[in-house]
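Colleague: Next up is a structure, given as structure tokens.
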């Protein structure tokens, strides 16, 4: 009956240990899956941010190419303006060469306008000069009108070039600012990646340590179970020894009672049955010696088992102390894991802010591209002029 009760208790303790081991392993697997999912999400966000940064760099390169094109347009416009300025200087020299001929013209010629139709309506007879002088004057007027139109075109071109120069300078400054922002975002991205790697390594180390602690706790539980089984077995042996001792004492009392009863008969009966009594006594003494020998052996075995039992109890006490320390350390590690989740949340917030800054930079780049497109159209129109 006692053995069945002990076996049921042992089976229940084994089931509880297996359930605790399974629950700890399931909890560890869940934690690993959560950490792996968080790591994958962080890596995905970093990859998206890296792709956005690469796209931003490509757009910056395109903007730089457009800036080079606009600069070439500006240089061609400046060359055109220089050419027009040289032609204007040559026309001024020609007009200065024609100044002595103006004194020979009649007085009413001062009323001549720059309109070609009014110039054709002037009376040639009233001029009073020969055909050669009239042709020269008409050529000088045509050259003067052409020089005025070219000068106006030059002024307009210079004004547009100045405006384009200011716009390009502004775009260049904005480009430099955007490049600095991109560099800062890249550095922040690298720092965030390093922090994520460090957090992941720390969590993996914590999980490994927790796994070791779980294995140690499992071993301690197994050892305590073995010690409990050994202690139960020793208790059963002790009970068996006590039962045998009581049985031997009862048998000895019975033999003494029979011996006293055998001494009461008459002398004749005593002589007749003396041989039988002696034989019975010898057999009883033989049995008592055998029982004493068995009791001595059992007592010796019990004493031999008591010493390791005390050592096992001390070992069990040490194991319980280690189990308590392991439980405290596990709670500490759980606290560290909960604290490690806070930096991950901060890193996610920083990634979100970086994405918002990237969107803002993309909007600024789109505006800059629109401005560059307008300037390019103006440069093309200047080229056509």
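Cβ atoms are placed via backbone N, Cα and C, with glycine included.
Keep in mind that this is a model prediction, so the values were computed, not measured.
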Colleague: According to TrEMBL, which stretch among 122-167, 168-213, 214-259 corresponds to the feature coiled coil?
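Modeller: Going through 122-167, 168-213, 214-259 one by one, TrEMBL flags 168-213 as coiled coil.
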Colleague: Scan 32-66, 67-101 against TrEMBL and say which stretch is down as coiled coil.
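Modeller: Of 32-66, 67-101, TrEMBL gives coiled coil for 32-66.
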